Amino acid sequence: MYIVIVTMRTILFFGIFFIFIFQCAKCIELKIFEDLLEVRSQSGLFFPLCSKSFHQKYGEQACASISSTFLSYSTVSLQQYTYSVGCTTSVCFTFLSSFCKTGVKVFCSPSLCASGTLQIGSKCLSISTVPVQGYSEANYYCNPATLISSLKPTEIESIRDTILPTFADTRLFLTSGLRQGATWKWGNGDTVEQEVTGTGRCLALQAGNLVAIDCDSEAYVFCESGRECIARDKEYSGTANRTSDGKMCLMWNDPTVLFRRERDLEILNHNFCRFVNDADGKKSATPVCYTKPNELSQCYIPPCPESFNDVVPIESGDSCPIGSISCDNGSKCISEKFQCDYEVDCNDGSDEHNCEDYLQYYELIGAYRLADNIIEVWTFIPHVQGCARKCRESLLMCEAFSYEPKSQTCLLTDTSQTFSSLARKITSLYYRRRFSTKDVEFQVENKVLYATKSAKKGHVCDDNYSREKLSSICRVLGFGDPIYTVESHQSESSLGPLQPTTLHPTNPSFDSPSSVSQMRRTSPSATLAPRLPAWNLSCLREPNCTSTVISTCEPIRCSHCQQAACGDGSCIRFDQLCNGQIDCQSGEDEDYCRANSFRLTNGSDTSGYLEVLFRSRWEPICADHLNGKISNSICDAMRLGEHGFILSTNATISSGYNVNCDVDCSIRRSSSCTRHARISCISQNGMSSASQCGLRYVEVNARDAAKSRIARVVGGFETVPGAFPWTAALRNKATKAHHCGASILDKTHLITAAHCFEEDERVSSYEVVVGDWDNNQTDGNEQIFYLQRIHFYPLYKDIFSHDIAILEIPYPGIEFNEYAQPICLPSKDFVYTPGRQCVVSGWGSMGLRYAERLQAALIPIINRFDCVNSSQIYSSMSRSAFCAGYLEGGIDSCQGDSGGPFACRREDGAFVLAGVISWGDGCAQKKQPGIYTMVAPYLSWISAIINGQPV
């Protein structure tokens, strides 16, 4: 690579470079080889430059060719010919110097930027030679470099003065900046501090100003490469890929490296030298890379000069705003959330100093990915330590997690017995929580679980854990089923009140250590246990916790039984539980025979074969003793209607459970079952629950992709009144302007997207309109309500995950008619099958304006892999979201449709709410389909809100 210099003015071409001296007509080419300055002869070969022809400007120009600055030179004796330089008034030329045997060694400063890039401030930049089409192509163009990030005002000024004058003022240069809600963020997570003008979700530089543009816009690209030197905070992100002894580096994601490496290293799709942490968490002395599957070798990268560290201290007297901290060197303020997230944000790395090793609490099980029983999904987690931290800080008793470095996705689960919920995946790591130190010993004595840690022995406290939790603890430690006694699980009539007293029986996911389905009942007259040393489970998991507590807590009791245990530790079969016969000496096998949850299988959402959840197992219900009263109670418990119609059945079973629902529903096992119960749930007005929701009185077929394009719901069609009666509008109360869509759930609740309220969360700012069709005219069918409350999903932070909210309006609420109807909720096991076509509806943007009349479109669910690969921006899609639309463009939901329904038709004709319109990049553009929040994963939360339960 060489630099072109014309009349002493440097002109940068991104590609091939030459050195011209004086004028283009009189030019020579120079390069440095092993510190020796060489000149190109007329034959095209390079030879050492004779020391007598050397001038300092030659050294400066040669160092510039490797993006360095000239420091000094020295002469050196040679055993070969050299070449000299001669110049006339019009041309310079080279000639052989037969008698000159001394050359010149040139010493340059460290390489700051790779050849082909230009140093601007602390950045190494290059510019695309051709425009690219959109954000996704821009990222692809820059790879393995990245789109420019964290532009400082001084850097923008330098770009404006040195680069932009050669381009038209209208030219756009894409950066890594993206709008996330109301905030602009650079690709590295930093907040954009400068003012941004224009509309759009992507950030570009135009004539020295930051402007917002559509992410599909054609633009040129500023690519930012890593510095070819080591910053003083031991950071290197350059492109050196050879070791100090010249060996080529292997790819970090080479399969032989992945399978044989000992350290927990980041999986990278390149072979560049990088700093890594050793087994003690200390950063390596130099950048390294793999040259063999199990051999890390050092790379030589020079240190950056002090001026290139680009540290600008915070002005004296300034302080960081609330919620931020200052880097140790005072270079900048960062969010407190970025501290110890295992991603360096401070130039000196101080935000990651003295951070806890969260992985010490977990053991690596293998290359698996959670596929079920997921309680939380976190995206943009840059390191597995961050995922471990999320699990440790989870309020939902996280027991294990899987982490995918490539997608930076973290999945949490509340159970450690998850092998049935795991899928093999080589790029994912599955960790399970462990007891914190290897010197913790567990044993069972007299049916009581004891722990010994730091030579201190005590029983392990049962902190009101659920039956499922206790079972997990006992079995993970290698013991059998937990032991329950009649004393701790007496009949309800002899005990004090249950706390809490409300829990919906169809929501086992709401079960907590104090839930009614798992309640540890305590008799007011019970004798307190003696005060003995005891361990809390949380303390056993803490490396630094070594103190027992003097506690009256009930101990955890474990058996050695594989199926079920009596209170005295004797073992029984599972089918001996709740069978009407006392098999345990104290009768505890017939205690706690309550039915907590029912479900329907092999049918529709409102009819099918009955099963009951008992001891974490779904068991069949016998048809033999089922009557109308019991089926009514079961349907009511499942919220599928007030009446249960018993259907004929041909399914035979040898054993199952009989149900009795006098007060609460209890069960008894029967070994004389002949048929599996099958029912259909019916409402008070004689219609099935399916007829209560998702119905419409006007039949309109949504158009498919073959129809001509009509601007949006883009590419859809204009409906007629009552066509999609569950579609509601959220409007600005003052201006009556359309704001977002929503869907009717019941008389007082609607569901929408949480991001609709990012700018203003005040309920007084909005009103809800149902039964509308033309929002510019009064149809006479509208019902208008003010908002009483907005319920955000607890984990919602921004548009990219958990983008769902429930609106509450005052009682008595909506009057249902042919223009206003609730939509059905999907079943918990609703499958988002690629290719399934469903309907979106709303009054959102039609490209140039909002629609006056309700629009609708039929669009298919898109395979997640195809969606993510259609555009880089879709890597932001969370696991609780899905993609729908057409990759070729033309039909989609758009601005103003957010919060509206993605409705799928069931076999019985009713519509279910499969998704909530969330976000997208552009409207109906090629390779930019819409993103929708799944509804099925949030059913428990939705039920809790509707039923007024705590969440």
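Backbone N, Cα and C atoms are what each Cβ position is placed from, and that goes for glycine too.
The signal peptide annotation in Swiss-Prot covers 1-27. Swiss-Prot lists ASN241, ASN329, ASN464, ASN536, ASN544, ASN602, ASN650, ASN776, ASN869 with the feature N-linked glycosylation site. Feature annotation from Swiss-Prot assigns domain 'LDL-receptor class A 1' to 319-356; the stated evidence is sequence analysis. The disulfide bond annotation in Swiss-Prot covers CYS320-CYS333, CYS327-CYS346, CYS387-CYS410, CYS391-CYS398, CYS474-CYS584, CYS545-CYS561, CYS578-CYS593, CYS622-CYS681, CYS635-CYS693, CYS661-CYS673, CYS838-CYS904, CYS894-CYS923 (among others). The feature domain 'PAN' is assigned by Swiss-Prot to 355-435. Marked as region 'Disordered' by Swiss-Prot: 490-523. Swiss-Prot lists 713-947 with the feature domain 'Peptidase S1', giving sequence analysis as the kind of evidence. The active site, charge relay system annotation in Swiss-Prot covers HIS755, ASP803, SER898.
The domain 'LDL-receptor class A 1' (319-356) scores a mean pLDDT of 75 in the predicted structure. Among the disulfide-bonded residues listed here, namely CYS391, CYS561, CYS593, CYS693, CYS593 has its C-alpha nearest to that of ASN650 (N-linked glycosylation site).
Nearest Cα neighbour of CYS673 (disulfide bond) among the listed recorded positions (CYS320, CYS410, CYS561, ASN869): CYS561. The DSSP secondary structure for CYS673 (disulfide bond) is coil. Applying an 8 A CB threshold to same-chain residues 6+ apart, the list for CYS398 (disulfide bond) reads ILE375, GLU376, LYS390, CYS391, ARG392, LEU412, THR413, ASP414, ARG433. Checked against CYS622 (disulfide bond), the active-site residues HIS755, ASP803, SER898 differ in C-alpha distance, with ASP803 being the nearest.
There are 21 other Cβ atoms within 10 Å of the Cβ belonging to CYS578 (disulfide bond). In the three-state DSSP scheme, CYS346 (disulfide bond) is classed as coil. Packing around ASP803 (active site, charge relay system) is summarised by its Cβ count: 28 other Cβ atoms lie within 10 angstroms of its Cβ, all protein chains included.
The closest partner of CYS635 (disulfide bond) among the active-site residues, by CA position, is ASP803; the full candidate set was HIS755, ASP803, SER898.
The highest number of surrounding Cβ atoms within 10 Å, among the glycosylation sites ASN241, ASN650, is found at ASN241. For CYS327 (disulfide bond), the nearest of the recorded positions by C-alpha distance turns out to be CYS333; the candidates were ASN241, CYS333, CYS661, CYS693, CYS904. In the domain 'PAN' (355-435), the DSSP tally of helix, strand and coil residues is 17 helix, 31 strand, 33 coil. In the structure shown, across all protein chains, SER898 is the one of the recorded positions ASN536, ASN602, ASN776, SER898 with the greatest number of other Cβ atoms within 10 Å. Ranking the disulfide-bonded residues CYS320, CYS681 by C-beta neighbours within 10 Å puts CYS681 at the top. The highest number of surrounding Cβ atoms within 10 Å, among the glycosylation sites ASN329, ASN464, ASN869, is found at ASN329.
When the recorded positions CYS333, CYS410, CYS693, HIS755, ASN776, CYS904 are screened for a C-alpha within 10 angstroms of the C-alpha of ASP803 (active site, charge relay system), the residues that qualify, in sequence order, are HIS755.
Considering only the disulfide-bonded residues CYS584, CYS635, the Cβ with the fewest other Cβ atoms within 10 Å is that of CYS584.
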